[in-house]
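Before any comments, here is the structure.
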Amino acid sequence: MSTNIKIIKKVLNGYVGFANLPKQWHRKSIRRGFSLNIMAIGESGLGKATLINTLFNRDIITSQHDSDEFDEGEEEDVSVKIKSTQAEIEEDGVKLKVSVITAPGFGESINNVEAWKPIVDEINSRFDSYLEAESRINRTAVVDNRVHAFLYFIEPTGHSLRALDIALMKQVHEKVNLIPVIAKSDTLTDEEILEFKHRILADISHQGIKIFKPTDFEYDEEESANTRSIIDSFPFAVVGSTNEVQTPDGRLVRGRKYPWGVIEVDNENHNDFVKLRQLLVRNFLEELKEHTANVLYENYRTEKLKRMGIEQDNTVFREFDPAAKQEEERALHEAKLAKMEAEMKSVFQQKVSEKEKKLQRSEADLFARHKEMKDKLTKQIKLLEEKKAQLEKQKLLPQDPPAQPAPQKSRKGFLR
């Protein structure tokens, strides 16, 4: 087949109508709505729920939703739980479906060596469910639940990244659009924030961690300058607050009030919240989704199919092989069954472990009750033996003879 395609350019003599395509796309997008899946990860108390609510200017999640739920007596076995919250919000007729995934319990255990594993499993599970839906014959109802943006909240220590931070980011940086965030930056001075940013970026570069950077369109100077400003602000030092406070000049702003002054959430001179909002929502929401679909998901899909023994070359784009397609579907089905089996085994092992712990607690209670009853019985036996000894001792002592009754005097005048 010849690849030399001759393109003939002609000037149209009349209005055809394809110049109306952007309007068609706009109407379709408004009718269909948009979606955004955000994973917000970090230790408890770093203001994840507050920042998400500040981003969308409404209560998407509550602080209780992200609280750590574990027994006080088992703090050494804190487990990471995955929680998801969905909300549909509307602004000027445009609908946005927001899904926020959090991981309460992350970093709260004594041993955090594999604290990242449930988070990575959740990301992979979402890729797998999308791959499964995409492989069906009827794909009209494919729901995109893949993670579009991964906000990692860094504790504002002012030093450098911890081993846990590096371990998690190295596990997820090739699966998600990683966006590091310095939480509660109002606890640091401007100089400390600048130095902290340099150390974080140095650690990220040294570890080979990839973070999401928006595309710089050089042909648009204003847009390019805005993009470079966003990139230069990495990692974002943010402050979140949904409360309004009054500034010294009388303005009502979203922010936090301190004895030394007011820090404004929406003021770029105070923190990087505005730049984070531009990256996530205002300017690059669709780019985040496209990069997830065209790069991150495709890389995951290719690697997964290779592990399953399915090789793909350029011939699939030139012809359709039903046998190969059937083999691919069979392999995907087997992978799905294997995944379900692994999940069932995991649930079974978890239930067995919980049952064993319950039996161990019951056994300990029974031992304690047995010991208590044995101690009581021993005390009763000892008490009875003491009483028996006292009785035997009393028998051995000499007893006084019984008193003789006094002789009765005979009455005179009567015969006896």
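Just so you know, glycine gets a Cβ as well, placed from its N, Cα and C.
As annotated by Swiss-Prot, GTP binding site applies to 42-49, Ser79, Gly105, 184-192, Gly240, Arg256, with the evidence given as similarity to another entry. DSSP assigns Lys48 (GTP binding site) to a helix.
Swiss-Prot lists 32-307 with the feature domain 'Septin-type G'. Per-residue pLDDT, averaged along the domain 'Septin-type G' (32-307), amounts to 86 for this model.
The annotation region 'G1 motif' is assigned in Swiss-Prot to 42-49.
According to Swiss-Prot, the region 'G3 motif' annotation covers 102-105, on the basis of sequence analysis.
According to Swiss-Prot, the region 'Disordered' annotation covers 392-416.
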Listed in sequence order, the residues of the same chain lying six or more positions from Gly42 (GTP binding site) whose CB sits under 8 Å from its CB are Lys48, Phe106, Gly107, Leu151, Tyr152, Phe153, Ile154, Glu155, Ala183
Reading the DSSP string in three states, the entry for Gly105 (GTP binding site) is coil
Thr189 (GTP binding site), Cβ-centred 10 Å count of other Cβ atoms over all protein chains shown, is 11
Thr189 (GTP binding site) falls, by three-state DSSP, under coil
For Glu192 (GTP binding site), the same-chain residues 6+ apart in sequence with C-beta under 8 angstroms from its C-beta are Gly158
